Amino acid sequence: MAAWSSSPSLRHLLLLRPRLPLGPTCLAGSFSRRHVHSRRRRLFSSASSSTLTHGDAASAHVDGDGVVDVNPPRGTRDFPPEEMRLRTWLFDQFREVSRLMAFEEVDFPVLESEALFIRKAGEEITQQLYNFEDKGGRRVVLRPEITPSLARLVIKQGKSVSLPLKWFTIGQCWRYERMTRGRRREHYQWNMDIFGVPKVQAEAELLQAIVLLFQRLGIPSSDVGIRVSSRKVLQAVLNMYSIPEHLFTEVCVIVDKLGKLTREEIEKELMSTGLSSEAVQGIIEVLSLKSLSKLEEVLGSGVEAVADLKKLFSFAEQYGYADWICFDASVVRGLAYYTGIVFEAFDREGKLRAICGGGRYDRLLSTFGSEDIPACGFGFGDAVIVELLKEKGLLPDMPRQIDDIVFPLDEELEGPASSIASSLRKKGRAVDLVEDKRLKWVFKHAERINASRLILVGNSEWERGMVRVKILSTREEFEVKAGELE
């Protein structure tokens, strides 16, 4: 490149160089891509927004010419820098709420033993596994949910940990299922779980965590609510009609489809289990209730489900989130291990699937051969909440931000420039060291990445132990000793 010196002409150039506004148009232009339309997307061709689920194209493959289809596998996503910043921001919100609630972070392998997820019969999730045999002959699975992994770790830790445990994690889950808005074949999920607290105080804490997250994201209770019920409601109804205990899980899986299937379809599935017409009508009538007082009239005040729910709603008043929650007897959740209070968050306009869901699962550990510990928790996926934030215009602008650009004006100054960049990084500043570029490109690059300062290392300044600093937001320019840069 041509050599530059810190002559008056250089200073004149710097002072006259216009500072372009960093508006949406500028940012959009910097991230724009050319879309290449052809029969097949090929290697090095541009893709449309990579955060959209790969839909109609086939899974990644190599054609006869050795050209790779660069789309991700169907139902999965790439995260280019701008989308990764958004994901990091959302995960930071998950972690901050967990910190405020005094939870500790844990993690588990994405690859788990298949047996961990197929021991529960009748669930839709067991038909959606990414499962296979590894090279050692072991049956393994990409985890479809996190709670069984959590239970496994609790069992493994044994008596080395004291109760109660308050743990959270953010992990990727995989399910081979039909894709809709907010539903992919992989997603990240924030889980919060409490082990060792048998009372509904634990559920009240979890509900506050969910509400706290919504509040931090700017989502009001007028846009989002949390439906609450109890698996014990359905159990009480089954007891009323002397329905055998072994049918409970199967009935739960069916009634979880309320709202997804018609009433006639639900009735048909329930009848197929051997239930009488009277019992089917009784189940559906009770699960249609939206009032806790009416539920109490049907079941009686002495039923454990009613007592638990009344206590939870009392806690909601004391926590200050009563306007966020509502009773809905139809909420049972589709996973077999729930035993008590269950809940799910929803958008009040009804455009999206459940935002999150959870409940109590006091008997999960015994299904893995261990002694049961009372527990409850929830899973909160990344896909639906991002759709809701888009819908409400609440997604934050997440431009790239760099503190400094260091640019040597001559090839022989690359060493000193590297030293300056290293020193600034040790002081905690984010520094982009740019070499072998024209000064015009450097200015445009600074605007593109929202750099705060441009530090130019020129011959005449460096001979005096100085560098030239330009504050890009104000166009202020000055010289400073290289060793005094902060």
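Heads up, the Cβ atoms here are built off N, Cα and C, so glycines get one too.
Whatever TrEMBL says is automated annotation, not expert-curated.
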(request) Name the residue range among 31-53, 54-76 that TrEMBL annotates as region 'Disordered'. (result) 54-76
(request) Inside 10 Å of the Cβ of ARG333 (L-histidine binding site), count up the other Cβ atoms and send me the figure. (result) 20
(request) Across all the protein chains here, work out how many other Cβ atoms are within 10 Å of the Cβ of TYR338 (L-histidine binding site). (result) 25
(request) Express the predicted model's confidence over the domain 'Aminoacyl-transfer RNA synthetases class-II family profile' (74-396) as a mean pLDDT, rounded to an integer. (result) 91
(request) With L-histidine as the bound species and GLU145, ILE146, THR147, ARG175, GLN189, ASP193, ARG333, TYR337, TYR338 as its recorded binding residues, calculate the greatest Cα-Cα distance and give it in Å as a whole number. (result) 21
